[in-house]
């Protein structure tokens with residue numbers, strides 16, 4: 001797994017699929033009401049800054065794993081502690097994403113099936129993919145990205161043709177001022193989905209060419225932000241803001257409204273395929289980061305074997321994380337962003353970025369002085 005190589009194009013596709021993932025299931029920026037789409041765009045702008053930090057650290061240490069460059073910046077003991085905390089973070093978020101998609105399948109397809117069965121089936125596929133390595137995941141992302149794009153385009157056309165879009169549901173814009181939007185940005189959308197790209201610090205070392213990481217990564221994030229904002233705006237324009245916020249899965253509720261010429265309806269099950277693809281990749285990448293982080297920290301010679309215990313742990317956590325879906329959503333919206341995402345996505349990476357840039361300048365200065373001698 002650690003010797004695998006992926007292209008910058010594959011990274012581009014993986015970022016888009018990862019970003020869309022579970023963010024299309026719910027309503028990002030829900031605290032902003034009918035202005036949620038604005039909160040998504042502003043959150044994306046901050047997400048671009050966060051990605052700049054993440055790739056900036058990598059560019060300072062292009063040939064090192066996160067554990068190795070934290071050793072250089074923090075010392076062995078602190079590096080070990082923070083590496084371990086990030087492993088727990090990746091595993092925890094993987095469990096939350098797995099729970100999201102398990103609940104979706106229970107709601108729309110498998111009403112009487114225990115959630116542990118549904119989650120277990122999803123996790124088995126992710127474990128298999130992670131054991132095959134990041135190269136296989138990247139190639140699968142390239143292949144399935146086209147299917148997601150096609151399904152999304154068909155869905156947009158059908159919604160327009162069905163005549164269910166009412167732009168008036170998006171008005172008045174900023175009726176309550178900018179404050180609710182900014183509150184939503186700094187408590188929701190800057191973290192999910194955009195700050196979640198912190199995971200890619202575990203994937204950057206696998207790139208075969210690092211010169212276009214910043215450009216391609218930011219383009220991928222901008223595209224993702226536009227797609228998520230458009231999806232939120234369509235949900236609100238079709239369902240109205242009240243129903244959008246009450247719906248557990250507003251995109252699928254929007255798809256259910258499609259009815260063309262009395263024969264084309266109930267397409268939500270069909271479009272669940274696109275969502276499941278996104279969910280599979282998101283869970284798989286979080287599992288991959290957990291496995292790679294654990295193998296690096298504990299010097300495991302056969303990292304792929306860790307996919308089994310890590311996957312089982314994430315599966316169990318996804319069931320025990322909340323007693324019901326309402327509690328799960330409440331924690332995800334009100335607790336996780338400020339108490340979990342904030343330190344792992346912003347505070348600690350910002351500190352590492354400052355230290356990395358400072359150390360890089362010191363190294364360059366030292367080399368310059370030696371050259372003069």
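Cβ coordinates come from backbone N, Cα and C, glycine included.
From a predicted model like this one, the values you see are computed outputs, not experimental measurements.
Cβ atoms under 8 Å from those of the transmembrane segment (11-31) belong to residues 37-40, 43, 97, 100-101, 104, 137-138, 141-142, 144-145, 148, 180-181, 183-185, 187-189, 192-194, 196-197, 199-200, 203, 207, 213, 216-217, 219-221, 223-225, 227-228, 231-232, 235, 244-245, 247-251, 275, 277-279, 281-282, 285, 329, 333 of the same chain, restricted to positions at least 6 beyond its ends. Look at Swiss-Prot and you will find 11-31 (among others) tagged as transmembrane segment.
Same-chain residues lying 6 or more positions outside the transmembrane segment (37-57) and placing a CB less than 8 Å from one of its CB atoms are 28-29, 31, 69, 170, 173-174, 181-182, 184-185, 188-191, 193-195, 197-198, 200-201, 204, 213-214, 217-218, 221-222, 224-226, 228-230, 232-233, 236, 345-346, 349-350, 352-353, 356-357. According to Swiss-Prot, the transmembrane segment annotation covers 37-57 (among others).
Summarising the annotation, Swiss-Prot assigns transmembrane segment to 78-98 (among others).
Taken from Swiss-Prot, the feature transmembrane segment applies to 105-125 (among others).
Counting residues 6+ beyond its ends, the transmembrane segment (143-163) has Cβ neighbours under 8 Å at 13, 16-17, 20, 227, 234, 238, 254-255, 257-260, 264, 267, 270-271, 273-274, 277-278, 281 in the same chain. What Swiss-Prot records for 143-163 (among others) is transmembrane segment.
Swiss-Prot lists 185-205 (among others) with the feature transmembrane segment, giving sequence analysis as the kind of evidence. Residues 6, 11, 14-15, 18-23, 28-31, 39-40, 42-44, 46-48, 50-51, 54-55, 57-58, 63-66, 90, 93, 134, 213, 217, 221, 224-225, 228, 285-286, 288-289, 292-293, 332-333, 336-338, 341-342, 344-346, 349 of the same chain sit 6 or more residues outside the transmembrane segment (185-205) yet have a Cβ under 8 Å from a Cβ within it.
What Swiss-Prot lists as transmembrane segment is 219-239 (among others). For the transmembrane segment (219-239), same-chain residues at least 6 beyond its ends with a Cβ under 8 Å from one of its own Cβ atoms are 11-13, 15-16, 19-20, 23-24, 27-29, 34, 36-38, 40-41, 43-45, 47-48, 51, 152, 156, 159, 164-167, 169-170, 193-194, 197, 247, 250-251, 253-254, 257.
Within the chain, the transmembrane segment (269-289) has long-range Cβ neighbours (under 8 A, six or more residues past its boundaries) at 14, 17-18, 20-22, 24-25, 90-91, 93-94, 97-98, 100-101, 104-105, 108-109, 122-123, 125-127, 129-130, 134, 137, 140-141, 144, 147-148, 151-152, 155, 199, 202-203, 251-252, 255, 307, 310-311, 314. Annotated transmembrane segment per Swiss-Prot: 269-289 (among others), in sequence order, evidence recorded as sequence analysis.
Long-range Cβ contacts of the transmembrane segment (306-326) within its own chain (Cβ-Cβ under 8 Å, at least 6 residues beyond either end) map to 91-92, 94-96, 98-99, 102-103, 115-116, 119-120, 123-124, 126-127, 130-131, 248, 283, 286-287, 290-291, 294-295, 300. According to Swiss-Prot, the transmembrane segment annotation covers 306-326 (among others).
As annotated by Swiss-Prot, transmembrane segment applies to 338-358 (among others), with the evidence given as sequence analysis. A Cβ distance under 8 Å defines the sequence-distant neighbours of the transmembrane segment (338-358), meaning residues of its chain 6+ beyond its ends; these are 50, 53-54, 56-57, 60-61, 69-70, 73-74, 82, 85-86, 89, 92, 187, 191-192, 195-196, 198.
For the transmembrane segment (105-125), the list of distant contacts is 98-99, 248-249, 252, 268-269, 272, 276, 279-280, 283-284, 311-312, 314-315, 318-319: same-chain residues at least six beyond its ends, Cβ to Cβ under 8 Å.
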